[in-house]
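A quick write-up on the structure given underneath.
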Amino acid sequence: DDVGAHASSSASSAVFAPLEPPFCAAAAPRAVLYGLASCHAVSTLRTRDRPTHGGDEGKAGEAKAAAEGEAETVLVGLGVEVEMLRATGWQLGSNSSAQPIVFDPRSGQQIELLRRFDFDHSRMTMSVVVRLPDGQLVAYCKGAPERLARRCDARTLPAEYAAAAAAHALRGCYVLALAWKPIAELPPQGGAAVRDELESDLRFISLLLFRNELKPCSAGAIAELHEGDVRSVMVTGDNAQCGVYIARACGMLDARSRVLLAEAAGEPGERVVRWRELTTGGNALSADGAEGLGGGDGLGGDGAGNSSDAADSELKGGAAGAVTSTSHEECAARNGGDAADQSTGARVGAAADANAATPGSAGAVTTTDGEADPTALAGRALATDEVEAMLGTDAAGAVESRTDELLALAGKPKMGKIKKGKKAGAQRLVASRTSSDHACRVELAVADSEVYDLLCAQGAMERLLLHTRIWARTTPATKVSVLELHMRRGLVCTMAGDGGNDCGALRTAHAGVALSEAEASVVSPFTTNTGSVRAVVDLLREGRATLATSIASYKFLIIYGQFFSVLKLACFYFGVVMCNSAYILIDTLTISAATAAMTLCAPKKLLLPRRPPSSLLGSATVGSVISVQLVNTAFFALNLLLMTFDNGYVSWPAELTEGASWWLLADNWETTVIFSSMYLPFLASCAAFSIGSAFRRPLLRNGALVGTLSAFALLATLLLLLPPSAFSRAFHIASEQFNSPCPPSCYPQDGSVVAFATFDYA
């Protein structure tokens, strides 16, 4: 989880400069260094007052105070921007006029921060207006490479600009572009027209690269989700190339799978979608330098940049990931690859080889059933209908069950508008795992929100939904729309993210998981302070265990009600009434303690490809209740039958009974047998519904429940087996001769009840 500068390079005369790792602020071109130090939204949280800057002496004094620990500050902002500022060695402060500045404590240089236009999702840029140390007024702008290129003077863009940006992304770099221009006067605050003018005719300086590296637990968490039969997809604000790299690194995409990327082509107003195979063309950039980038002149890239969402989550630089389960009952989460959601930080990146392969070129494509002719697809773009025909989708978007990569859903959930596939009764999804006998499979990726809107307008997005793994360059509204598409298919979805742009999706999802304690945690029902996607696995484990425990508690209470009905019928039949002590023991103590202890069953450590029943009237729920009830009723009836054959049995009412004394209706054999025959099976039912198996840990691991049931079972056993005493008389156990003409001197404290075994009740 190390975060830091990696390398630096620059672009001049529309040509990328050679790569010079590691990043060194002192060696960086001034224009790039000034941009990295000022083009961000980082602020400080001060724990002690700091002196203001009134010149070189003031700056030197502050630097000395900071070094001596007299002033402590915490940088607050997007993780990648914080690390970008730290990489430069510059610091935030204010001058004597209370104007925010950034300054270099080594040289005394300072830059005044005059205007800031925060990141805008529709523009995918952010910009600042600053006054440089020499007094020059300039505007810096950084953002998505493809969007910033539209705002730059084309003469300042290297010929390999687009290819370089895509190649870096495919090697796991989060790519931003940095540009600038001098301005004559300070623009007014706010206004779209002001910002349009400020962010036009810019001069490109450099590509800003950040390493996207998984935390150690990320790949394992995704693997566990796969084992739990959960399909993970990525909805990211980053570009598709970086998303593919991250998806392969974490196991969301199989290493052998082929990716078809949907991009928009044509003139405005006549835009169409074309699909091309996304190829890597090289090894990933190593964390130690430019290794793996190939030889030749390096393509530019200096320093760092900002994520459009946030940082410090699971990967370095990306977006929020929507995760859909493969059934109606399941809820899982997976963070995609936004800088916000997967980031553990940012390393200032470097550029790749100019000779690296360019992504987006068409190539051979293998379908999920391996029947497509690779040579027929090589060297050309595909139309959407060709992709649909190749993947074998029907009009409802269902997937043909031609390979073992298609996984049938368990049970028969309500699937909303989803229709049956070509095999009757089979509701199928593309499984998130690859079979061992397949050479490769095809996954789809959507380049940006414009392409997504075009596919939705054609109705193709819904049909290709379960084939699509990555949605890139998405706006907050697109993230919500992707979730709603899955939810309309009857799937239970969750969203994991940590940026402000994820808030809408976190609220829309059935279960949102905020991977930070920032603004996303305000709208998300679940929040983790670890910033790790491992929290999604834990949430799924806990969720399945909670659902299983809730159903078990429901079944236990249903048994309680049904069994009590049988008890009351038996009491009416024999004309007896159980004593109040028995009712208090069952209704108050046993029910409260047993149900509370049942909820303490811990979740199973491993996710299995099964789901707990979610319906109170489902066949599994009703079947188990009826089965247990039949067993309990049979045991109950057998005990009553055996009672009537006992040699010492005295049928109620006895001849010497005081009929007017209703409280004596509990002093008989019948109530004793009814209580004991009902109470012990009742405890056994609680244990049977808490055994555990697939979703909860075994019953014996729940010490509270085992202790509770054991204590109540011991109490009932002692009532039956102990000699007559005040304890047994409190429950009117039949061993007491309440209905005998025996005088008080005959009670157990004066003699053994056995002495009255031959007493003539007649």
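Keep in mind that glycine also has a Cβ here, set from the backbone N, Cα and C atoms.
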Transmembrane segment according to TrEMBL, located in which of 139-166, 615-642:
615-642
Going through 615-642, 672-691, 703-722 one by one, which has the most CB pairs that fall under 8 Å from the transmembrane segment (582-603)?
703-722
If one takes Cβ-Cβ under 8 Å and requires six or more residues beyond its ends, the residues near the transmembrane segment (672-691) are 552-553, 555-556, 559-560, 563-564, 566-567, 570-571, 574, 576, 578, 582, 585-586, 590, 594, 598, 601, 624, 628, 631-632, 635-636, 639-640, 643, 698-699, 702, 705, 709, 712-713, 716, 719-720, 731-734
